[in-house]
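The next block holds one structure in the form of structure tokens; read it before the comments.
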Amino acid sequence: MYQVEDATQLSENVYQIWVNAPQVARHARAGQFLIIRVDETGERIPLTISATKGDSVRVIYMAVGKTTELLATKKKGDVLADIVGPLGTPSEIKNYGTVVVIGGGVGIASTPIIAREAKEAGNHVIGIIGARNKDLLILEDEMEEVCDELFITTDDGSKGVHGFASTVLEGLLKERTIDCVWIVGPAIMMKVTSRVTIPYKVKTFVSLNPIMVDGTGMCGSCRVTVGGETKFACVDGPEFDAHQVDFDSLMQRQRMYTDEEKEAREHFHHHDHHGGCGCCGGKH
Amino acid sequence: MAKEVKDFTEVNKGLTEENAVLEALRCMSCVRPTCVKGCPVGIDIPAFIQKVAEKDFEGAAAVIKADNMLPAICGRVCPQESQCEGACILAKKEKPVAVGALERYVADWEREHGTKLPAVAEPTGKHVAVVGSGPAGLTAAAELARFGHEVTVFESLHEAGGVLTYGIPEFRLPKAIVKAEIEQVKALGVEIRLNHLVGRSVPVEELLGYDAVFLGTGAGLPYFMGIEGENLNGVYSANEFLTRVNLMHANCFPEFDTPVKRGCKVVVVGGGNVAMDAARVARRLGAAVTLVYRRREEDLPARAVEVKNAHEEGVEFLCCANPVRIVGETAVEGVECVRMEMCEVDASGRPKPTCIEGSEFTLEADVFIEAIGQGPNPLLVSMIPGLERARRGNLVVDEDGRTTVARVYAAGDAATGAATVIWAMGSAKTAAAAIDKALKEE
Ligand SMILES: Cc1cc2nc3c(=O)[nH]c(=O)nc-3n(C[C@H](O)[C@H](O)[C@H](O)COP(=O)(O)OP(=O)(O)OC[C@H]3O[C@@H](n4cnc5c(N)ncnc54)[C@H](O)[C@@H]3O)c2cc1C
Ligand SMILES: Cc1cc2nc3c(=O)[nH]c(=O)nc-3n(C[C@H](O)[C@H](O)[C@H](O)COP(=O)(O)OP(=O)(O)OC[C@H]3O[C@@H](n4cnc5c(N)ncnc54)[C@H](O)[C@@H]3O)c2cc1C
Ligand code: SF4
Ligand code: FES
């Protein structure tokens, strides 16, 4: 069992939770994720490791479905059934020169840890965080603290630059030499934003979020096409060279369980607790 | 008419006490028992069968457990026909003694009547790390604990058992039985740390800090055919399909949160035990199932009894055919196949299948499951410096399970490639004995 040490809401539908998971906290690096199973009947869901402190790890997530909504009800002192990690290959961090770290929406969760490691490796770090409106911006202070420069964008212009992260990135690429870019956010945002760096031939990493089960390379659920080859995002990634990724196939596979997700959500809202279906044998 | 199958309760029901004793009486207690030679863990088969004949089930269990800590599992899933029973002297004349059914009877009897643990030696002060809690890891752990070593097993999933838990379905191997036998291994003093992916949650340096290391990481890497349409929604590796149902209980969705596409028409490709399991699970989820296999029905590598059960449960077999393309826009709509013919015998002694030009036809399908094999898990082993791997990723080991790195041993599917539960256990026992010897010589 893994104890919740702190849980707060950051914005509409976005929550942060600190959990005691020593084996994850001790070895986590930028770009890695963990898998949570909230309770005995729960699904295994991957979430990016957003920070660590002592024996605890922080994840930040958007409540979009059954599991994340359930997670959002957890409070300090509650326990989660399972946490495994850190999983995935850490970000390829070295001294590139000037790097840009971009977070879109809840994807901002991943950026402070990448920015921090990039800074420690000697890079000049520029952050760009973007959201639909100012109320959905998260981790502004943390990014402010760790980046050399920080840009903020909102789709509606309620704060910072009116527009998308890609607009700011484009401007930066025109003005100066950028050596490496990280983009984390929804698949469509990563697809669009990473296109901007193609003409400039700048190394660009994106963090892919396909559906996963084990997270250890055993099921093949997370397969993505990169450079025409099949890769398993959980072990070969989740970060890949953006210019090689087949985003359309990623987005299509993310929608595989749309109907089932709806059913799960409805079931969750109509049943306060699990009755157990009695057909599984054993303890369930 | 195929019988309807819906539930996941065990299919084969096992012997009654009376039948067990009658069967045991058929054994001739051979002086040089050939059956034992056929058993990869060398159970003293005539001795335990003798005790069954005497109705001393407790004594029978003790005999078995001297060599095998997972008898209720082995009694259910071992391919006895090609092992002990295949080697039984009576197999030549009439029917061999039903060793597997007897082993299962004894193990079930003991579980219901209170289990006794084998003796454990004085603590040696040595600490061994075991990676993976499949049959190889569990066997190595039990053996090493009995030799008096402190043993920590690391398992990346949230439940122990490896393929026994996530791969083999409930109706062939009830999970309550797997849990009970794992509890026995724990009762020997073995600590199992779940949710620990070695190489990530436990760094390699920390692993190599143990007095010895046993790698039982299995063959969990699913192979894909590499045909067009593999990324369509509804395409599964057998591993994913079976894991969703066995480990995550997707058959009970939405009571359990993990979904699985049940499909109306499911096509499974492959002919081994894994393919049979995937097909039989898909049947239970309510689909019409076609199993496509490229050779002839008599060439199916799966156990005969699994094939028979699959037939009885209504799985359609389409032999001498092979998928070449998965058709669909975003999700699977069909599987294009070609007919195959058997040509000259290949190196393995089996006729080589070649496709017949122009014979393409399309099967309607909404779920496609690939069960064409799996290879050793590359994750951890690729991180250990100096660890040599052979073709297809199998770890290079000597006859005692020593890898090319000092104090690191390996057995089971990680070393042999996908094999069987009992071969994993047999090789793990050998490696455990070698580890014990090395630790005691230090
Ligand atoms: C490596 C990785 C890191 C991630 N990090 C974060 C993060 O830091 N914060 C965050 O909010 N989200 C993150 N996600 C996405 C997160 O896993 C999903 O939002 C979550 O699984 C949704 O579960 P649900 O039951 O609440 O919603 P559902 O209703 O089940 O699904 C909502 C959406 O989530 C996706 N999803 C569903 N199940 C899975 C699954 N098992 N694995 C992956 N995606 C799934 C689907 O695309 C679906 O459209 C990450 C995903 C990956 C692969
Ligand atoms: C569907 C299916 C049906 C089968 N049916 C039969 C049958 O009827 N009879 C039979 O004899 N055989 C059968 N087999 C084969 C048999 O299950 C395997 O040969 C056997 O399980 C191999 O045992 P193992 O211990 O080597 O590996 P596994 O059982 O694969 O166990 C390996 C374990 O190691 C864990 N692991 C891997 N890497 C790490 C890591 N880095 N850190 C921590 N943990 C890790 C995995 O999560 C897993 O739990 C079947 C296999 C499958 C897939
Ligand atoms: S070979 Fe057959 S008859 Fe002989 S001891 Fe073994 S099981 Fe009994
Ligand atoms: S999640 Fe199973 S292989 Fe990646």
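Numbering starts at 1 and runs along the chain as displayed.
Backbone N, Cα and C define each Cβ position, glycine as well.
Since we're looking at a predicted model, the values are computed, not measured.
Per TrEMBL, [2Fe-2S] cluster is bound by A:CYS219, A:CYS222; the candidate from A:CYS180, A:CYS234 named for the same site is A:CYS234.
Among the binding-site residues A:CYS219, A:CYS222, A:CYS234, the ones whose Cβ sits under 8 Å from a Cβ of chain B are, in sequence order, A:CYS219. Taking all protein chains in view, 27 other C-beta atoms sit within 10 angstroms of the C-beta of A:CYS222 ([2Fe-2S] cluster binding site). Secondary structure at A:CYS234 ([2Fe-2S] cluster binding site), taken from DSSP and collapsed to helix, strand or coil, is helix. If you take the C-beta of A:CYS234 ([2Fe-2S] cluster binding site) and look for same-chain residues 6 or more apart in sequence within under 8 angstroms, you find A:PRO46, A:LEU87, A:GLY88, A:MET212, A:ASP214, A:GLY215, A:THR216, A:GLY217, A:CYS222. Residues A:PRO210, A:MET212, A:VAL213, A:ASP214, A:GLY215, A:THR216, A:GLY217, A:MET218, A:GLY220, A:SER221, A:ARG223, A:PHE232, A:ALA233, A:VAL235 surround the recorded [2Fe-2S] cluster site, their Cβ atoms falling within 8 Å of the Cβ centroid of A:CYS219, A:CYS222, A:CYS234, which are themselves excluded. When secondary structure is read from DSSP and collapsed to three states, A:CYS222 ([2Fe-2S] cluster binding site) falls in the coil class.
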